[in-house]
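Here is what TrEMBL records for this protein:
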COILED    31-65  coiled coil
COMPBIAS  19-28  compositional bias 'Pro residues'
DOMAIN    28-109  domain 'Hook C-terminal'
REGION    1-28  region 'Disordered'
Amino acid sequence: SGFRGSKRSPPQKPSVSPGDPPGTPPLAPVLQLLQNQLQEKDTLIRHLENDWERSRAQREREERLLVTAWYNMGLALQQQEGGTAPRGLPSGAQSFLAQQRLATMARRARTPHGRAPPS
């Protein structure tokens, strides 16, 4: 009894909050489970946002390719029909490419799903 370290502390009980009825599981595992679920959902949201961004970039690339293809096809058709394209356009008229650029810029100016437009 006089030896160093001979005193023993009483065994520790699992941490149960005083308001919990007897027989209920401690809160720590429940909190850990909820934190794990939250992390999984955050990870899923990040993956979905990345997928959305890749899809948007792919769609914009496809739009640019379509506009270019239509422009090239129209230019080839004009050259087949009567030589090169006319130099002067009547007042107010725009080339096909200029019309497509305006439409694409107007579409990009709209904010999708409440998000701020990219800067």
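Using the three backbone atoms N, Cα and C, a Cβ is placed for every residue, glycine included.
Not measured: the values here are computed from a predicted model.
Mean pLDDT for the coiled coil (31-65) in the predicted structure: 97.
Across the range of the domain 'Hook C-terminal' (28-109), the DSSP-based residue counts are 69 helix, 0 strand, 13 coil.
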